[in-house]
Amino acid sequence: MGIAAAVGMLSPFPFYYCLWNWPQSWVELCGRGRDPSTVMAHVAHFLKLLQFISLFSVSTFHWPPPFYFWPLLAFGQFLNFRVYQLLGEAGTYYGVRFGKNIPWVTEFPFGFIKDPQYVGSIMSLLACLWFAPFQYILLWVLAYVFIMHVESKEDQSTRAKPLL
């Protein structure tokens, strides 16, 4: 069960890596008339569901949670919500890589926290340490750090061209 859970928790990251590095392939796969960011969001939500099922399959719940749970979860989810609120679906789901014009945002948390969406996700994961085994949380956090590194380097010449 442990290996299957680890694979399930890592399942979105090869998808994100491929989309970041080869966005034109994704645009072509989505086809004309379909928004690649929207399709990516649907796939990402399904993969996130697999991640949660995988994490819960190796977890042991007990009540009440420790003192750190609520602040980490609340601030982590606040960061994720704020990023989505400021950037929208296209900004959150690689719209810039798919040839969309995403406005530059400087409101909090941008300009204060580097990669706030991933920092928020990592904070939410750390909140889960009270019920999930450390090695799975560490694996998931390291995958986020890897994707943060991948996304820190963008070759603008590889951005996708819209299908006409």
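Cβ coordinates come from backbone N, Cα and C, glycine included.
Record features (TrEMBL):
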BINDING   Ala74, Phe75, Gly76, Glu154, Asp155  S-adenosyl-L-methionine binding site
TRANSMEM  122-147  transmembrane segment
TOPO_DOM  153-164  topological domain 'Cytoplasmic'
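Each residue of the topological domain 'Cytoplasmic' (153-164) gets a DSSP state, and the totals for helix, strand and coil are 3 helix, 0 strand, 9 coil. Listed by sequence, the residues of this chain that lie at least six past the ends of the topological domain 'Cytoplasmic' (153-164) yet keep a Cβ under 8 A from its Cβ atoms are 21-24, 26-28, 31-32, 36, 96-99. Proximity of Glu154 (S-adenosyl-L-methionine binding site) to non-local residues of its own chain (separation of 6 or more, Cβ distance below 8 Å) is seen for Arg97, given in sequence order. Counting Cβ atoms from all protein chains shown, Phe75 (S-adenosyl-L-methionine binding site) has 16 others lying within 10 Å of its own Cβ. Summarising the S-adenosyl-L-methionine site geometry, the residues cited as binding it (Ala74, Phe75, Gly76, Glu154, Asp155) extend over a maximum Cα to Cα distance of 35 Å. Cβ environment of Gly76 (S-adenosyl-L-methionine binding site): Val119, Gly120, Ser121, Ile122, Met123, Ser124, Leu125, Leu126, Ala127 lie under 8 Å away, each six or more residues apart in the same chain.
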